[in-house]
Structures are given as C-alpha cells and as structure tokens.
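Trainee: Take a look at what TrEMBL says about it:
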{"type": "DOMAIN", "residues": "72-483", "note": "domain 'Amino acid transporter transmembrane'"}
{"type": "TRANSMEM", "residues": "75-97", "note": "transmembrane segment"}
{"type": "TRANSMEM", "residues": "103-125", "note": "transmembrane segment"}
{"type": "TRANSMEM", "residues": "163-183", "note": "transmembrane segment"}
{"type": "TRANSMEM", "residues": "195-217", "note": "transmembrane segment"}
{"type": "TRANSMEM", "residues": "223-247", "note": "transmembrane segment"}
{"type": "TRANSMEM", "residues": "313-333", "note": "transmembrane segment"}
{"type": "TRANSMEM", "residues": "359-384", "note": "transmembrane segment"}
{"type": "TRANSMEM", "residues": "405-425", "note": "transmembrane segment"}
{"type": "TRANSMEM", "residues": "431-450", "note": "transmembrane segment"}
{"type": "TRANSMEM", "residues": "462-487", "note": "transmembrane segment"}
Amino acid sequence: MGTELKVVISDTPVETNQARERGTETPKSPFAAASPIVKKAIASMQCYLEEVGHFTRIDPQEAWLPITESRNGNAYYAAFHTLSSGIGVQALLLPLAFVTLGWAGGIVSLTTAFVWQLYTLWLLIQLHESVPSGTRYSRYLGLSVAAFGDKLGKVMALFPTMYLSGGTCVTLIMIGGGTMRVFFQTVCETAAREFNPLTTTEWYLVFACSAIVLAQLPNLNSIAGVSLISAITAITYCTTIWVVSLTKERPVDVSYRAPEAKSDVARVCDILNALGIIAFAFRGHNLVLEIQGTMPSSLKRPSRLPMWGGVRVSYAIIAMCLFPLAIGGYLAYGNLIPTNGGGMLKAMYKYHGHDTSNVILGLTSLFIVINCLTSFQIYAMPVFDNLEFRYTSNMSKPCPWWLRRGIRIFFGCLTFFIAVALPFLPSLAGLIGGIALPVTLAYPCFMWIVMKKPQRYGAMWCFNWALGCLGMILSVLLVIGAIWTIVRLAIEVHFFKPE
C-alpha cells in the first residue's frame, strides 16, 4: 500500500570504476552530478522523510470515520480508553467464579487469564502496523480479513466484535438503569415513598436517552475525557465495594465450600461456567486496534510505543482493581454472593446496607451509573464506525451531520429495545464470555503466525499455535458448560418484563 522513499546521493569513484570493468555499472542517480547545496538539501529531505515515516497512500475514507477521523491520540488517551474498556461492572461478578473454583483454582485461573490476555494484547499492538506495506489496521475486523482472507476473516470476527460492542451496550443499559433506580431509592427515600416511582423500563429509558445525548461526540479521540471519567469512577466503586465488604462484619452463615453438584457432568459444567465469567471480565480486545488507530505514527516513533506504554500503566491499575475485588469479595461473602446478577454490589446492599452510610451506598451507585454511561460510548464507537463505513463506501463521501446523529439515535433506541425485550441477558455472563473468548485469547495468536510468519516449528510458532488451539477448545467448552448451567439452574427467561 505504501512505498518507502530511498534516495542515492552519489556513487563512490572506486565502486563506479569496478562496475564499469565488470560491465555491471549501476545506473547513476539523477542527483549524482548535483551541487553540494542540492545534495545537502536532498539529505535533509531524506532525514525528514525518515522521521515522519513511510510514504503511504492515504485513504480519504479513513478521515471520514469516527475511529480514524482524528489521529492526535497519545499514551494518556490510550490509557484512558483501555481503562474504560478494561474495568467495568463485569468485574463485580468475579467472586462468583471463586465460589465454584475455590481459593487455589480461582486465583490460578484469574492470574492465568490476566497474563494470557495481556500477551495477546501485545500481539495485537505489534500487528497494528505492517512495516513493509505501510498499512495500518485500525479495526479488528480489518486485521482479521488481512490475516484470514475476506470471507473467513469476516465470519470469524464480524459477529463476535459487533456482538461484544452491541451486547455490552445492552448490558450497560440494564445495569445502569437498574442502578439509577437503586440510587434514587437510597438517596431520596422520602420522595420514593411519596411519589409513584419510575418503573424499571422507565429507568432504562432515562439511561438510554442520557447515553444517546453523550454519544453525539464525533469521534474516538473526542471521548478521551469521557473515558477518563469512566476509569476514575470504575476504580473508585471497585475499591469502595471491596473495602466496605472486608471492613464490615462477615455474614454469619458464610462458607467457602463449593456447592455440591448432582453429578460429575454438572460439576465440570459449573467449572466451565466459572471460567467463562473470568473470561467475560477480560473483554475489550475488540477495541485495542481502534484505540491505537487514533495515534500518529512514524518510523522513529511508531504508534506501538505509546500504545504499549499506555496499556502497561492501565493494566497495572486494572490488576489492582480486579484481584482485590475478586479475592476480597469471596473472602467477605463466600458462597453467599447472589447468583442472579448484581454480584458484589447486590451482596454489599444485602448484607451491609443496614450498617453502611447512605452517603457511601449512594456514591457507589452513582459511580456505577456514571461508569456505565461513559463506558457505553467507547463500546458503541465501533458500531457507529461500521454503520458509517457502509454509507461512505457506497456514496464516496462523508456522512452528513444529520445522518451521523440519526445513526447514533437509532443505535441507542435499538439497544434500549433489546434491553427491555431480553432482560435476562446479565445472567448469561458465562455464555457471553465463552463466545467472546476467541477474540481475546485465540485469534491474535493465529494472526501473528499468518502475518509475521515466524520460523516453522520455532518457539514463537509453536507457542502461538498451542495458545490459539487451546483458546478455541476452551471457547467451545465454555459455551457448552454455560448452556448446560443455564438449563440446569432454570434461569427464568421472560421477555419484555425487566425487574
């Protein structure tokens, strides 16, 4: 796609004479007879080009789409976006995995998943730029197509990435709207008693309208401040919840024994469902390339350097949030953690709502609402980008302002409708984790093998093949285990009746 400019200023006399004698004289550079001043100017231009980067054929469509419309991102923006997508309400479900896996199994599984997904994250960051061609893959789908071909790449990546983005936005509406209701009941007890409170559906609508208004920001770089707010609120409520849970007196009936399974098959499926919950906590890889695509890049400072710097800082913070929340939550409540959604938040309200200040409870709920509202923006951006891509491809011009706003309003209304129609989705965390697992743990390993072509049967070749195959097998097992658990526990499936 791109070509690198190489300028030969002159040939040395010795090399030229020897070439004449062999009859293989290299054609002279057009600048060979240039004056010293011209040669100096050319040398300066070459240095400038090497500093700026490769000559690439700029696709004007890139400048029309929300993800790549602005390329002035930096390591700070990368850290904000990564924290926003890496920490969320899904972390509140982690202690549920410990109920089945126990102390040793839970800690080992959580640590393994964290290291594994951090490695595949590094792979994606390295694969973002193809040095020989000068191509930048600013979307997960684009990298998948480049690695696996047009048809197979779309089949493998289109549904999981769009499902992750759209499904996460639906879940955020449910959790954010439901927590809005809890916040109102906690802070405005008198008003809640005197006036007819809003129904759950109406709270969903309030949240969705707020998300739609905030979604009018034009591109991914423009929501860097929103992602920062998301990161701050997530860190705050995660820390508050595990600190309150550990400092308060533990429930009387707390136990750390795994629930007895009716059969060996049920036990295995419970373990797989627990692993799916852990996998669900580490979603977000479908946004890594998009975040890196907002950065400038040059030969001397490729985008992978600031991106990896921002990711390292953000994932150190993510580890300091997830591990205490999972371990501390299980230590505080054991197998008493509610299994019907809510996780740690519902446990804190259930067991410590009576002896915890309403200020702390209210602020925790408020932070969760703000985090859901701001996280909605970064997960919705790939969907906006994909919809606008269809228009710009067909019309060969950018979306007009009214169509861009219409797309975002339509998406917000669609996610609200699904949230009301399928209110049982938060109970499917294990299933969602199993479906999304290849995007996070398997596909990047295969992409590395295809794109980088490491030595056959070498260390990197074998290691990535092993991880990729293990990730695919684990994904299939997690989906089977989650479905079995859903059927066995008889999760109530009710449509258009959000509670």
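Every residue, even glycine, has its Cβ placed from backbone N, Cα and C.
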Trainee: How about the transmembrane segment (405-425) with the transmembrane segment (431-450) - do they touch, taking at least 3 C-beta pairs under 8 Å (6 or more apart in sequence) as contact?
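Mentor: Since fewer than 3 Cβ pairs under 8 Å link them, the transmembrane segment (405-425) and the transmembrane segment (431-450) do not come into contact.
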Trainee: Answer with yes or no whether the transmembrane segment (313-333) touches the transmembrane segment (103-125) by the criterion of at least three Cβ pairs under 8 A, sequence separation 6 or more.
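Mentor: Judged by the Cβ rule, the two regions touch, with the required three close pairs present.
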Trainee: Can you work out which residues elsewhere in the same chain, 6+ from the ends of the transmembrane segment (75-97), have a Cβ less than 8 Å from its Cβ atoms?
Mentor: 106, 109-110, 171-172, 175, 220-221, 224-228, 230-231, 234-235, 238, 241, 274-275, 277-278, 280-284, 287-288, 291-292, 294-295, 306-307, 309-311, 313-315, 317-318, 321-322, 325-326, 329-330, 333, 337, 339, 342-345, 347, 368, 371-372, 374-375, 378-379, 429
Trainee: Looking only at residues six or more beyond either end of the transmembrane segment (163-183), which have a C-beta under 8 A from one in the stretch?
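Mentor: Those are 88-89, 197-198, 200, 203-208, 211, 283, 286, 345, 349, 362, 365-366, 368-369, 372-373, 375-376, 379-383, 411, 415-416, 418-419, 422-423, 425-426, 432, 435-436, 439, 498, in sequence order.
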Trainee: Which sequence-distant residues neighbour the transmembrane segment (195-217)? Criterion: at least 6 residues beyond either end, Cβ under 8 Å.
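Mentor: Here the qualifying positions are 169, 172-174, 176-178, 180-181, 184-185, 223, 226, 369, 372-374, 376-377, 380, 384, 405, 408-409, 411-413, 415-416, 419-420, 423, 498-499.
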